[in-house]
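So the structure is just underneath, and the comments pick up after that.
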Ligand SMILES: Cc1ncc(COP(=O)(O)O)c(C=O)c1O
Ligand SMILES: Nc1c(O)cccc1C(=O)C[C@H](N)C(=O)O
């Protein structure tokens with residue numbers, strides 16, 4: 001690898017239409033941060049927004065903040081809906097089809113229960129990817145246990161899903177981008193195939209939302225969930241989101257029917273009457289402080305062309321794969337991320353027999369990626385704040401660490 005950043009990479013950065021977005025983030029010096037697919041970097045506007053929420057809205061306004069500005073939709077009570085509208089644009093949904101709050105795990109429970117509630121009679125299988133993220137598998141197991149073990153959780157390799165779209169399947173639960181390999185599934189085609197078989201789809205967009213455009217409505221997807229703290233940069237433990245297609249709002253059961261999903265919470269009625277739209281899935285009191293951070297973080301996306309975001313993400317990951325190629329020839333590194341653009345999310349992963357140690361050394365050297373069992377080195381690329389120069393620096397760092405380890 002060259003000693004200085006190659007001109008063609010500098011040229012890519014010079015004509016990067018998203019380059020100015022880097023300034024919207026706090027990025028610590030001396031670090032190449034490649035873990036925005038686990039915890040997005042801090043948007044610069046967030047600390048001030050949090051201070052305002054704490055000092056003014058909470059400290060001064062106290063309980064009045066729940067309703068202050070309600071006429072303009074600026075009250076705390078409507079904060080989940082305001083955040084939902086911002087996320088909706090990123091995932092191809094209408095604002096009233098998105099609900100924000102709770103964790104992705106809890107939302108997976110809610111939408112899986114909803115999906116089972118609208119599935120055709122006699123269908124008792126939840127079909128999923130055998131390597132799905134653990135929480136998706138565990139939630140499906142827990143829901144089945146709650147239903148007395150009446151369902152079957154059928155786990156098959158992601159590549160074999162199509163062959164398993166059979167008439168006994170009630171719901172298809174898939175994560176679009178695999179957290180280990182970065183493999184991206186064709187959400188449009190799989191959704192269409194599932195719908196043709198009468199199967200209700202539930203998509204986990206944890207590694208999709210904010211990384212590239214998603215078009216849930218266009219695809220005809222039924223339900224979805226996703227994280228607020230990864231590519232949406234909402235901060236540690238940020239509220240998650242769920243999507244419920246409008247056509248299901250009438251019939252889909254609300255498994256956690258809390259008072260904040262009631263049509264009129266302060267009516268204090270004895271029976272649950274769901275709020276209009278996906279708001280019915282907001283179970284309890286909105287997490288105002290963390291919603292405020294997420295709300296502010298999402299403003300960074302307001303003027304972002306999502307196609308430009310995708311193009312840059314692919315350019316970053318292409319560059320990393322290219323720069324790593326000579327290293328993969330010298331060291332025991334195996335690329336596990338698909339090279340085809342259509343099958344790649346916004347991360348690049350390699351197998352390495354000492355992946356855990358290599359990643360620990362990389363992190364000590366300021367190249368922060370992730371290790372995932374059993375032998376995966378994972379590098380996440382965030383098109384809002386990474387440059388091609390960062391990618392080059394990261395690959396140089398990997399080279400230095402691997403050379404040092406080979407000598408040890
Ligand atoms: C695919 C996927 N789903 C869900 C989650 C997380 O869910 P939760 O926010 O409930 O921890 C993650 C990461 O943590 C994930 O990668
Ligand atoms: N959600 C996480 C957490 O609470 C602590 C540490 C890491 C995470 C993650 O995001 C893991 C992540 N979903 C993954 O893709 O591996």
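Residue 1 is the first one shown; counting continues down the chain.
Glycine too: its Cβ is placed from the backbone N, Cα and C atoms.
Under the heading pyridoxal 5'-phosphate binding site, TrEMBL lists 104, 105, 133, 134, 135, 136, 175, 204, 207, 229, 259, 285. The Cβ of residue 133 (pyridoxal 5'-phosphate binding site) lies under 8 Å from the Cβ of 175, 179, 204, 206, each of which sits 6+ residues away along the same chain.
Under the heading N6-(pyridoxal phosphate)lysine, TrEMBL lists 230. According to its DSSP assignment, residue 230 (N6-(pyridoxal phosphate)lysine) is coil. Around the Cβ of residue 230 (N6-(pyridoxal phosphate)lysine), the number of neighbouring Cβ atoms within 10 Å comes to 27.
Every protein chain shown contributes to the tally, and the Cβ of residue 175 (pyridoxal 5'-phosphate binding site) ends up with 27 other Cβ atoms within 10 Å. Only 104, 133, of the recorded positions 104, 133, 230, 259, place a Cβ under 6 Å from an atom of ligand 1.
Around the Cβ of residue 259 (pyridoxal 5'-phosphate binding site), a 10 Å sphere holds 16 further Cβ atoms from the protein chains shown. Here the binding residues for pyridoxal 5'-phosphate are 104, 105, 133, 134, 135, 136, 175, 204, 207, 229, 259, 285. Their largest Cα to Cα distance works out to 30 Å. Cβ-based crowding with a 10 Å cutoff singles out 104 as the top-ranked of the binding-site residues 104, 135.
Spacing of residue 259 (pyridoxal 5'-phosphate binding site) relative to residue 230 (N6-(pyridoxal phosphate)lysine) is 29 Å (Cα to Cα, whole number). Comparing residue 230 (N6-(pyridoxal phosphate)lysine) with residue 207 (pyridoxal 5'-phosphate binding site), their Cα atoms are 7 Å apart once rounded.
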